[in-house]
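Below is one structure, written out as structure tokens, with a few remarks after it.
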Amino acid sequence: MSNKVHLGHTARKRFGQNFLTDHNVINRIVGAISPDNDHVMVEIGPGLAALTEPVANAIDKLTVVELDKDLVARLQEHPTLKDKLDIHQGDALQFDFSQLVEEGRQMKVFGNLPYNISTPLMFHLFEFAEQIENMHFMLQKEVVLRLSASPGTKAYGRLTVMAQYHCQVMPVLEVPPGSFTPPPKVDSAVVRLVPYKVKPWPCKDVDQLRHLTTTAFNMRRKTLRNNLKHMISDEEFAELGIDATLRPEQITVEQYVAMANFVVDKQ
């Protein structure tokens, strides 16, 4: 049997499917997620239910968002899960997660995310950060390094700034390729993202922050002066106390927020 077949389902490359099969890793992830009935528990991409089963067994109801119609059909017919699951067939990138929130209950979101959509999905989920208690995701190890990076490092970029603006970022564990069927060509890791209840650096317009960081990091090797000259002058950088000769990866999240707020105030 092909190593791309697991429990009778053939992994689909276009959906980025790699199914988690290592029970030790599964148990550690479920422990980190800490399922409970006080939150709306939401899984993105349940796949073949490696995380779905142990989480659903610990709670009354689990909401899942799955794109693959074949996998949705399997979940709908699953002997022990079908009565516990609230299944939404569709694309998580387009999904309105706010519809899942109940009065007095925030979401806990988790999933073994398809690596080909993990970054845009993060940006989509940040839009619902105020309604989320925490998130636990299996990601490409490189993405976890980017999420948790410090200024001045190669991994630090637009994703870092936006993630750390919205959330505390904590790597949980590293997962080798052999923990999956089929094994991915890259190492994986689990990360915990905890949205701030009160943001350390409030931004007046998050869209402006997103635009400014995208513009700054479009050309990483150039200076802020070069990349942001249409938005902030040398005199204005001086007013902000930011060295315009620095490169984008040398600027802290707090400084990016200060620049975005400055641009908003100028408009």
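The backbone N, Cα and C atoms fix where each Cβ goes, glycine too.
Residues near Gly45 (S-adenosyl-L-methionine binding site) in space but far in sequence (CB under 8 A, at least 6 apart, same chain), listed by position: Val65, Glu66, Leu67, Ala92, Gly111, Asn112, Leu113, Pro114. As annotated by Swiss-Prot, S-adenosyl-L-methionine binding site applies to Asn18, Leu20, Gly45, Glu66, Asp91, Asn112, with the evidence given as sequence analysis.
Counting other Cβ atoms within 10 Å of each Cβ, the binding-site residues Glu66, Asp91 show the lowest value at Asp91.
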